[in-house]
Amino acid sequence: MANTAQLLRRQSSRDIVLKSQKSIDQLELRELRGRLVPKEHGVSHHHHTSLHHHHQPLYGATNQGFMSDAFDESSELEQEPPFGSDAGTSKTKAELAAVVEQQQQDIVEGEKEGEERESWDSKIMFLLATIGYAVGLGNVWRFPYLAQKNGGGAFLVPYFIMLCIQGIPIFYLELAIGQRLRKGAIGVWSQVSPYLGGIGISSAVVSFIVALYYNTIIAWCLIYLLHSFESPLPWADCPTRLYKNYTYDHEPECVASSPTQFYWYRTTLQCSESVDLPESFNYHMAIALIVSWFLVYICMVQGITSSGKIVYMTAIFPYVVLIIFFFRGITLKGAADGVAHLFTPRWETLLDPVVWLEAGTQIFFSLGLAFGGLIAFSSYNPANNNCYRDAILVSLTNCGTSMFAGVVVFAVIGFKATATFDRCTEERAGLVAQNRTHNLPICDLEQELANSASGTGLAFIIFTEAINQFPGAQLWAVLFFLMLFTLGIDSQFGTLEGVVTSLVDMKLFPNLPKEYIVGALCLSCCIISMCFANGAGSYIFQLMDSFAGNFPLLIIALFECLSISYIYGVRRFSDDIEMMTGSRPGFYWMFCWKYLSPCAMVTILLASFYQLVTEGSSYPAWIAAKGATESMEWPHWCIVIAFALILSSILWIPLVALLRLCGIKVVEDSDPAWFPEAELKEVHGIVPHEPTELERSVFCFNMDGTEGMCCPKYGLPEKSLEEEE
């Protein structure tokens with residue numbers, strides 16, 4: 001195995017050749033500069049210091065595998081000073097400093113027409129950003145509901161099986177391909193094949209659509225967070241109404257429902273009784289949307305380096321709040337009943353195919369696959385980053401967070417259910433004491449525990465009702481909604497980063513700075529999101545969440561898996577991972593990429609379409625006269641919009657391929673990003689992999705380096721460094 005000094009010398013030789021090439025591509029210069037020393041740590045700014053002190057390597061910037069030639073030689077000079085006088089040594093060092101400054105100036109001049117690709121400041125920043133992106137609102141308000149609905153503890157069996165055959169393999173795939181090809185989603189899939197550029201465009205379109213309605217949740221959290229400082233909490237009691245005879249009484253609609261339901265549906269959302277009746281414009285909601293989009297813009301405008309620092313707070317704070325709620329929840333009366341209800345296994349549910357379908361769907365969307373955000377995040381990593389370890393760590397952290405959040409949520413729900421049950425039994429006992437034996441209330445603790453809702457109903461109705469009964473309810477409300485806000489905005493960073501990176505890589509606006517692109521994107525999203533600021537806004541939200549954010553992502557991830565397995569090649573992809581991490585993916589991962597994961601996604605897709613056709617799709621509409629929701633079928637124009645949203649996302653995949661076949665380029669070809677392939681192979685001591693007999697039979701690996709089915713010829717003859725120069 002080559003040592004580090006050999007790697008640096010080979011890298012230095014390559015850099016000198018690149019510098020002498022006058023026709024070198026601007027993108028390659030940008031990538032080379034981005035992997036060397038950033039301006040604030042550049043040698044040209046501190047060249048005198050660099051001659052006397054060793055610099056601390058920066059993650060993805062001064063990583064030893066990507067140092068500049070002159071910086072390298074100056075370091076060697078420190079260790080092996082030349083013979084001669086002190087004056088001669090000083091002169092040599094001064095000449096080296098001048099060379100360093102000149103090289104830095106040449107590279108910067110070559111970059112003036114473009115923007116360099118950023119890098120993460122540290123490994124922990126990348127992990128926190130990725131965990132914050134993957135761990136979102138679904139972990140808190142979706143998983144607990146699905147678990148108690150689909151068999152309690154038994155639900156964990158299909159949940160972890162789907163994690164192993166679908167979640168982690170695709171998560172691993174996206175991190176690895178982004179790190180290897182060093183581009184956003186569009187650039188990555190265009191480089192895999194010019195006919196596959198539509199996969200990246202589809203990811204960007206889906207991310208844009210999801211970001212539209214996902215930020216609406218952040219706006220709701222801001223509204224509740226603002227009102228959490230009021231005493232008493234505005235959703236603690238029913239408001240009063242002034243009648244014509246100048247008497248006051250509680251709002252009948254609120255009395256018929258509950259204070260938390262009334263505040264959610266009528267005060268916050270100002271819900272109409274149908275999606276066909278938008279009624280009045282919701283000015284409070286509009287202001288909250290503007291503020292939320294402004295906050296997203298502020299956090300993203302400086303790029304991943306600055307927004308990465310924000311994730312220290314947004315990724316860690318939710319865990320702090322969950323731990324606080326955990327210790328508060330387990331001390332409440334009825335907490336044990338709630339947790340037991342969540343995890344008590346009902347093994348007969350494993351025979352229900354819907355349980356497996358919902359487990360696979362939850363794993364897929366919980367990890368944030370196919371949005372392009374993971375590919376964009378990993379493209380900013382050093383080329384020798386261990387993406388396999390990252391995939392395992394983030395995936396298990398995500399699932400562990402879901403289970404921990406389930407314990408916290410059902411501890412609080414158990415407290416609420418027990419309090420309701422106790423009031424019911426007291427009322428029943430009072431009626432019996434009065435000899436009133438007819439129409440007695442039915443008190444059932446298990447039924448109260450089963451009445452938990454999912455999504456917005458769990459967060460803004462069930463949980464807020466439980467918080468109302470806490471001592472110091474304002475403090476707990478502030479903590480809870482601040483946690484939801486940080487969870488939401490963290491995932492929003494990753495979703496929008498996939499869109500922004502794709503726009504930059506497509507060079508649609510080559511002379512426009514990235515902050516202007518981010519600003520235009522946030523402004524356009526803010527304007528479009530005003531459709532949620534009316535009486536039917538929550539119904540439009542449910543429509544987009546039900547259709548735009550599930551089917552397209554499954555289809556995109558399926559094409560990603562097929563593209564790597566049958567076009568790029570599993571063997572070639574495994575070689576790339578071995579080159580970057582030093583270890584080759586095991587048989588299991590290759591089997592998942594080529595067979596198991598695509599089959600799981602096709603099964604989920606077909607089952608979802610079958611369920612949609614047979615059971616239809618509906619939405620809960622708020623009926624003011626009854627103070628309750630009723631299930632209503634979507635009108636025809638909503639179905640048309642739903643299909644338009646799906647088709648606008650996935651049609652790019654065949655459309656780009658067909659246009660390319662006709663000679664029309666939707667995605668312009670670009671040169672591959674610079675990648676130290678030969679150097680990494682030497683450092684890790686990589687030798688050509690000889691496929692085993694099992695690999696040849698299962699994956700169709702041939703002796704001449706080709707793969708079965710539609711995979712092109714594998715690899716190119718490797719050139720020596722002298723031939724390359």
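Using the three backbone atoms N, Cα and C, a Cβ is placed for every residue, glycine included.
TrEMBL has this to say about the protein:
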BINDING   GLY132, ALA134, VAL135, ASN139, SER366, ASN398, LEU487, ASP490, SER491  Na(+) binding site
COMPBIAS  44-56  compositional bias 'Basic residues'
REGION    40-65  region 'Disordered'
TRANSMEM  124-143  transmembrane segment
TRANSMEM  155-175  transmembrane segment
TRANSMEM  195-226  transmembrane segment
TRANSMEM  281-298  transmembrane segment
TRANSMEM  310-330  transmembrane segment
TRANSMEM  359-380  transmembrane segment
TRANSMEM  392-413  transmembrane segment
TRANSMEM  475-504  transmembrane segment
TRANSMEM  516-541  transmembrane segment
TRANSMEM  547-570  transmembrane segment
TRANSMEM  591-614  transmembrane segment
TRANSMEM  634-659  transmembrane segment
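Excluding the listed site residues GLY132, ALA134, VAL135, ASN139, SER366, ASN398, LEU487, ASP490, SER491, the same chain places ILE131, TYR133, GLY136, LEU137, GLY138, GLY368, THR401 with Cβ atoms within 8 Å of the centre of the Na(+) site Cβ atoms.
The local packing around VAL135 (Na(+) binding site), expressed as other Cβ atoms within 10 Å of its Cβ over all shown chains, amounts to 27. By the Cβ criterion (under 8 Å, sequence separation of 6 or more), the transmembrane segment (281-298) is in contact with the transmembrane segment (475-504), since 3+ such pairs are found. The listed stretches are 155-175, 195-226, 310-330, 392-413, 591-614; of these, 195-226 has the most Cβ pairs under 8 Å to the transmembrane segment (634-659). Take the transmembrane segment (475-504) and the stretches 359-380, 392-413, 547-570, 591-614: counting Cβ pairs under 8 Å, 359-380 has the most. Using a Cβ-Cβ cut-off under 8 Å and counting only residues 6 or more beyond its ends in the same chain, the transmembrane segment (195-226) has close neighbours at 137, 184-189, 268, 284-285, 288-289, 291-293, 295-296, 370-373, 375, 456, 460, 464, 477-478, 481-482, 484-485, 488-489, 491-492, 495-496, 498-499, 502-503, 521, 525, 528-529, 532, 537, 540-541, 544-545, 548-549, 552-553, 555-556, 559-560, 563, 567, 645, 648-650, 652-657, 660-661, 666-667. Of all the binding-site residues listed here (SER366, SER491), the one with the fewest other CB atoms within 10 A of its own CB is SER366.
Within 10 Å of the C-beta of GLY132 (Na(+) binding site) we count 28 further C-beta atoms, all protein chains included. Between the transmembrane segment (310-330) and the transmembrane segment (124-143), the number of CB pairs under 8 angstroms, six or more residues apart, is three or more, so the stretches are in contact. Taking every recorded stretch in 124-143, 155-175, 547-570 and counting its Cβ pairs under 8 Å to the transmembrane segment (392-413), the highest total belongs to 124-143. The C-beta environment of LEU487 (Na(+) binding site), restricted to residues of the same chain at least 6 apart in sequence and closer than 8 Å, consists of VAL135, GLY136, LEU137, ASN139, VAL140, THR314, PRO318.
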